[in-house]
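Participant: Quick one: structure below, then a few questions.
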Amino acid sequence: MAFSDKILQKSIDPTVHQMLDRAEQAGIETVWDRYEKMLPECGFGELGVCCRNCNMGPCRISPFEDEGPQKGICGATADIIVARNLIRMIAGGAAAHSDHGRDLAHTLLLTAEGKSGGYEIKDEAKLAALAKEYGITADGRTKEEIALDLAKAVYAEFGKQEGPLQFTRRAPQKRVDQWQKMGIDPRGIDREIVEIMHRTHIGVDNDPVNLILQGLKASIADGWGGSMVATEISDVLFGTPEPVRSEANLGVLKADHVNIVAHGHEPVLSEMILAACSDPALVAKAKGLGAKGINLVGMCCTGNELNMRHGIPLAGNFMQQELAVITGAVDAMIVDVQCIMPALGDLCECFHTQFISTSYKAKFPGAVHMQFNEENALSIAKEIVGSAVDNYANRVPEKVFIPEEKSDCMVGFSAEAIIKALGGTLDPLLDAIKSGAIKGIAGVVGCNNPKIKHDLGHVGLVKELIKNNVLVVTTGCNAIATAKVGLMLPEAADQAGDGLKGVCQSLGIPPVLHMGSCVDISRILNVCAAAANALGVDISDLPVAGAAPEWMSEKAVSIGAYVVSSGIFTVLGTVPPVLGGPLVTEVLTQGANDVVGAAFAVETDPVKGAGLMIAHMDAKRKALGI
Ligand code: XCC
Ligand code: SF4
């Protein structure tokens, strides 16, 4: 099939071309069309100089020094406005991740009390390790008793008035000392987020640097707090991921099965949907309607959670959520929270797809709401899946077109799994780094964004890194992008430089390791902390770097902030709305080095972005004398 240039330039993924062509023929709009209609995007917003924090405004600062307003009505300068807006983005992102973490803590609490409907404690070893970390005695107690104490302790981290957060103490001592010196060692997670909202209210904090420090503090409470809680408790409840084979891209949908897409973020829901999909009565019902079975696939981070733990196929990343519906083969799109486009409602009306929302926190126009709760989790999940199965009868075969493309992948590289693959310690990895076989480790993460050719940022940057012997660890929509192009197969070692190729071949692992969903960036922090501790250095001394080539969400802003606060140089592939504040821009790209030993760079070209990361690793290697 030949596609127009207009379509080809939107993505590197052939399934996207096919679905956009179909959308165009059917006169259906997608995120790309809405993006084009939005152009030119608001220049004040792009620069971050628009303020709506009080009703004397809205105010916007002129980008020209000798023309137009240079201060808001209250007197706020461009830098003050930019800093306030930026840390409000961090508050939004940290709140989203941490509320996800809180939901897991809640599920653990109910499970320990015997009140949850269908969950159990799957990873007792992790439960014991976490209990020890929190000083909870395990001797002679049942797993439920231990879990109850742990759940209460973890729950308390959110509302704690004074610090520290327990998991922050996994960071090297030097890092913690530096956080304390700068006043950014966080207290309770909720408290830091609330303090951002307070400080950015009109007439409170009007020092751009002071504002940014609070942003960093809240972001640390996300990365080493809320997100880490989400990851660790998910592992306790659902099992710590281990390497497993799976598949990725829209080709995982099946014409002869009931197709259910689980989209959103929290495994609390998706784990039960998975359990319901193998319920014999529901499978029989699907067969009774002429389907061969029930095919559950994942989208975005809920997809990553299912994929890492159970090898459930990944249907696609953020920009593919509408395209899945456009195949005409999705009987239900089941969502919970985060990254779910409200556009899905209208779109599903053009097809038979049932759009099912499940969280009271996230309702959508055009969705059927089926409220999920942990107490009756399995029975509600069965109802939801039952509804999807019923809807198979409404599928219109002439409207079905499923692209063939999908790739195999090997996923499930939790920190524990990586250490296991290395033979029980990090030493072989550290030795490979010391010998130069591996130049360094890059964490490449984050969303899709129509500002960048879909997946080009992700795949272009990752390919350049592995070619230069950089081991890549990934989460979120980058993980899905790299899985789709086969970079998560051991055979992809052929695309790596000789050093990395040798290491991957001897261990039988891919050069790009899937570490999970976006909250699982906490797994990357843990690996970095363990490596730094093993070498007796700080994280900022390691030859490591981060990148978010196609980021768009507020969560990504919080992630970037905590990764930099952890001492890791980070490259952003889309421009953050800060350039209107020269001081803020300087602090983020330079000054942060003096505060946390790392800073941001912005580079929209993926190959050049990789180049910046490689240069950074070379400099760190030199400083370490390796
Ligand atoms: Fe969302 Fe987590 Fe971004 Fe993908 S990467 S678009 S945040 S699904 Ni987290
Ligand atoms: Fe304008 Fe200041 Fe109010 Fe913002 S807080 S809208 S800059 S007056």
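Placed from the backbone N, Cα and C atoms, the Cβ positions cover glycine too.
TrEMBL does not curate its annotations; it predicts them automatically.
Bear in mind that the values here come from a model prediction, so they are computed numbers and not experimental data.
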Participant: According to TrEMBL, Cys51, Cys54, Cys59 bind [4Fe-4S] cluster 2; which one of Cys42, Cys74 is listed for that same site?
Facilitator: Cys74
Participant: Same [Ni-4Fe-4S] cluster site as His265, Cys301, Cys447, Cys477, Cys518 according to TrEMBL: which of Cys339, Cys348, Cys409?
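Facilitator: Only hit among Cys339, Cys348, Cys409 in TrEMBL's [Ni-4Fe-4S] cluster site, alongside His265, Cys301, Cys447, Cys477, Cys518: Cys339.
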Participant: Taking the Cα atoms as reference points, how far is Cys339 ([Ni-4Fe-4S] cluster binding site) from Cys51 ([4Fe-4S] cluster 2 binding site) in Å?
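Facilitator: About 25 Å separates the two Cα atoms.
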Participant: Identify all same-chain residues not among His265, Cys301, Cys339, Cys447, Cys477, Cys518 whose C-beta atom falls within 8 angstroms of the centroid of the [Ni-4Fe-4S] cluster site's C-beta atoms; report them in sequence order.
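Facilitator: Surrounding the site, in chain order, are Cys300, Asn304, Phe318, Gln338, Gly476, Ser517, Ser553, Lys555.
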Participant: Around the [4Fe-4S] cluster 2 site recorded as Cys51, Cys54, Cys59, Cys74, what other same-chain residues have a C-beta within 8 angstroms of the site's C-beta center?
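Facilitator: Surrounding the site, in chain order, are Arg52, Asn53, Met56, Gly57, Pro58, Gly72, Ile73, Ala76, Ile81, Ile202.
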Participant: Out of Cys50, Cys74, Cys301, Cys447, Cys518, which of these binding-site residues shows the lowest number of other CB atoms within 10 Å of its CB?
Facilitator: Cys74
Participant: I need the most crowded of these binding-site residues: Cys42, Cys54. Count other C-beta atoms within 10 angstroms of each C-beta and give me the top one.
Facilitator: Cys54
Participant: My understanding is the cutoff is Cβ-Cβ under 8 Å with a sequence separation of 6 or more in the same chain; which residues meet that for Cys51 ([4Fe-4S] cluster 2 binding site)?
Facilitator: Gly57, Pro58, Cys59, Arg60, Gly72, Ala76, Ile81, Arg84, Asn85
Participant: Could you state the whole-number distance in Å separating the C-alpha atoms of Cys50 ([4Fe-4S] cluster 1 binding site) and Cys477 ([Ni-4Fe-4S] cluster binding site)?
Facilitator: 29
